[in-house]
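Working notes, beginning with the structure itself.
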Amino acid sequence: MSQLAHNLTLSIFDPVANYRAARIICTIGPSTQSVEALKGLIQSGMSVARMNFSHGSHEYHQTTINNVRQAAAELGVNIAIALDTKGPEIRTGQFVGGDAVMERGATCYVTTDPAFADKGTKDKFYIDYQNLSKVVRPGNYIYIDDGILILQVQSHEDEQTLECTVTNSHTISDRRGVNLPGCDVDLPAVSAKDRVDLQFGVEQGVDMIFASFIRSAEQVGDVRKALGPKGRDIMIICKIENHQGVQNIDSIIEESDGIMVARGDLGVEIPAEKVVVAQKILISKCNVAGKPVICATQMLESMTYNPRPTRAEVSDVANAVFNGADCVMLSGETAKGKYPNEVVQYMARICLEAQSALNEYVFFNSIKKLQHIPMSADEAVCSSAVNSVYETKAKAMVVLSNTGRSARLVAKYRPNCPIVCVTTRLQTCRQLNITQGVESVFFDADKLGHDEGKEHRVAAGVEFAKSKGYVQTGDYCVVIHADHKVKGYANQTRILLVE
């Protein structure tokens, strides 16, 4: 049955699924930093706590990390911690008097001459990107203050100065952000501040980095190098925020552990209507590659101050799920909003409704057809296991995986049931929180041999599924595990009847 035919069978009175596949990332800020507030977010549906390093000191973020871990421990769950880097940026200098009133139609000059760094006026002001004149051409636009002020470049006055026309009136203040849409900027992937922040993240044992403004695969390596050998197990999720990142997405996906569709800056760097297309491109490519993908920015923004979302916001969240996003992310809604728990609960309900309208079997077949033949052995086993779910109408899958790789491969093929990953590594439990459909169970197997531990882990996975109401006596459960007694590739699939 096609998705269109499936849509014709839907009813608003149908019950929703008994599990939510899409994961929710919450940005932690003044509204939600306390242990009690964090417990509220977790109970409402948060899987990942995001720290935005564009704001706050290391001491502030240290408190957040400690509180997240305390809240998770008190609730007996594993919550991932993500460090979102500030990234490289371009900014204006300072203005005489603190601001400048820019009038539509006026001529102004922007310069990279440091002599104007603190002497800006409406007629001439500083921008701190030294290669500005090399990458910007007449006819290009310069966006300032999140694109609220737009300048059109007319000519190169000299090697440091551009003549521009002001296209709209706006008052700008000191140190406003600058975007150069359509221009190939050559900023480094890791700023001096980022290097210090990344080392802080390594010391604190964060689970993943949301690396800002990644434009090439080489820059993923720069982030990995900055993390150093102690940070080798930290996931790198690349934020795609301009046209270069979209153009180079295939190689970026290959080098990274996942992708974030960072629609805020992306919607300034490319036309807003193109963001819709970019979102579909990035999510689909991640789906085919089996890499987690996050949809972020302004998803339920009105709930920062209002108790209910707009209908358009509800559709936006649902559309991200329909597109195939593993995670949806909240920013100011939970960092500074008045209704942090309510917004997470709303998002969870929207994701669940959208998931219930999907025909996962269509997705499974589409993904399978797009894979190269011959498949790798592990991919073949995992895709066959998902096929077994559909053929037996199994209610859950149990995957034994220390690294989480097998669980991610299974999730790539979108079974229409929850995936329970049993692992002996706590970090794997947390890092799987950005993979759709996967719930993790930590199993301490130190006192057990491998084969004895294997059966105990399978039993632990089945018991977890029963405790969540995913399976009951008489249901089928598909299990994937390794058998180290067999030579060569030894991942095995078996089908259990739940007792």
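From the backbone N, Cα and C atoms, a Cβ is placed for every residue, glycine too.
Copied over from Swiss-Prot:
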- Arg50, Gly264, Asp265, Thr297: substrate binding site (BINDING)
- Asn52, Phe53, Ser54, His55, Arg91: ATP binding site (BINDING)
- Asn52, Ser54, Asp84, Thr85: K(+) binding site (BINDING)
- Glu241, Asp265: Mg(2+) binding site (BINDING)
- Lys239: site 'Transition state stabilizer' (SITE)
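Note: the Cα of Thr85 (K(+) binding site) and the Cα of Ser54 (ATP binding site) are spaced 7 Å from each other.
If you draw a 10 Å sphere around the CB of Lys239 (site 'Transition state stabilizer'), it holds 23 other CB atoms from the protein chains shown. Across the structure, Gly264 (substrate binding site) and Lys239 (site 'Transition state stabilizer') are spaced 11 Å apart at their Cα atoms. A helical conformation is recorded for Asp265 (substrate binding site) in the three-state DSSP classification. Long-range Cβ neighbours of Arg91 (ATP binding site) (same chain, at least 6 residues apart, Cβ-Cβ under 8 Å): Ile127, Asp128, Arg175, Arg176, Gly177, Val178.
When the Cα positions of Asn52, Phe53, Ser54, His55, Arg91 are compared pair by pair, the longest gap among these ATP-binding residues is 19 Å. Distance from the CA of Thr297 (substrate binding site) to the CA of His55 (ATP binding site) is 17 Å. Checking each of the binding-site residues (Asn52, Phe53, Ser54, Asp84, Glu241) against Asp265 (substrate binding site), the C-alpha distance stays within 10 Å for Glu241. The full span of the recorded substrate binding residues, Arg50, Gly264, Asp265, Thr297, taken as their largest Cα to Cα distance, is 18 Å.
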